[in-house]
Amino acid sequence: MGKSWFSAVKKALSPEPKQKKEQKPHKSKKWFGKSKKLDVTNSGAAYSPRTVKDAKLKEIEEQQSRHAYSVAIATAAAAEAAVAAAQAAAEVVRLSALSRFPGKSMEEIAAIKIQTAFRGYMARRALRALRGLVRLKSLVQGKCVRRQATSTLQSMQTLARVQYQIRERRLRLSEDKQALTRQLQQKHNKDFDKTGENWNDSTLSREKVEANMLNKQVATMRREKALAYAFSHQNTWKNSTKMGSQTFMDPNNPHWGWSWLERWMAARPNENHSLTPDNAEKDSSARSVASRAMSEMIPRGKNLSPRGKTPNSRRGSSPRVRQVPSEDSNSIVSFQSEQPCNRRHSTCGSIPSTRDDESFTSSFSQSVPGYMAPTQAAKARARFSNLSPLSSEKTAKKRLSFSGSPKTVRRFSGPPKLESNVTKKDTNLA
């Protein structure tokens, strides 16, 4: 590199290019001379714009060559100055080294140089480590590290958010499960309470319980048969009189054609048991009261009608005896007054019940004692009832076809016996 540069400088400084440049103008002069001759001969025909352009280009080339020559001379001078400076520096170092350690041997100077070299090596090593630390610090505090740190923090944030959502979902599922188990437990407790309400706490055995249920079923069947028998007889009486009590039909069950009393009795099958001792005592007391009233009525009838041996008097007395209010009729009237009116397919204020009440009041007014004298209206009502003895007998039979109360047994033998006794007494009196 240095040799080529130095050779280039020598060529620039050599006189050969000057001679060539000097030779060239001679040739050109010859050529220019010839051309002038030609130009003169040709009288300006060869002169053209092309020659002008060539001249300009040559001038530019000459200027460039001059500039390059001047630059080469300057660089050569600079190189010579640099070489001289280097030689001078070497001489200065040599002289300074000799003058730095005056009065010392070569061995001491060598040791000093070795120490300085080693110290320089250690200093360069420390400098290299320091540069590494600076470079590491720049890397740590650089943009890449910051970008990595931000991405790591974002990923950690998303991970924490996902963990929180999963934990919240688990808590919600556990709460829903607890609520579901609580509802199932409440439902189970309700079912258990319901089964406990229907539990039979009786100390009876299974056979006894089944026997009681069978007896109840048999009793209900007998009761239904008795009611059906009474209903069939009631239909015959209604067909004969055409004035029976009002029955009510159920559109869903056409065979359910009983009166409201029979249906009320059928709706309460467990209350129609046999007579208890209390009911028996009540029945006996009621019979004694009825017989006492009849015994009081008969002698007073003798005093009231001394001329009662005529057929008309017998005719009037016989219906009176038949229309004596018995215990069953009283119970029917009291039951009709106490029965509520809001039962299905029943009308408490029906026409047959009011007619039965009127007949009962008329019969009761005729069987009063002597100190309660009947009025003219009562006598007229009695005469009207005497005109239709057949209907009064049928109404009495109709009342006797039912039981006196829902808790007592039917009695069909009471009123006919009274009627027979009274008729016998009337015949004896006659």
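Glycine too: its Cβ is placed from the backbone N, Cα and C atoms.
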- Message: region 'Calmodulin-binding' per Swiss-Prot: which of the ranges 80-98, 213-231 is that?
- Response: 213-231
- Message: Labelled motif 'Nuclear localization signal 1' by Swiss-Prot, one stretch among 9-16, 161-168, 369-376. Can you tell me which?
- Response: 9-16
- Note on the structure: Over the motif 'Nuclear localization signal 2' (396-403) the mean pLDDT stands at 47
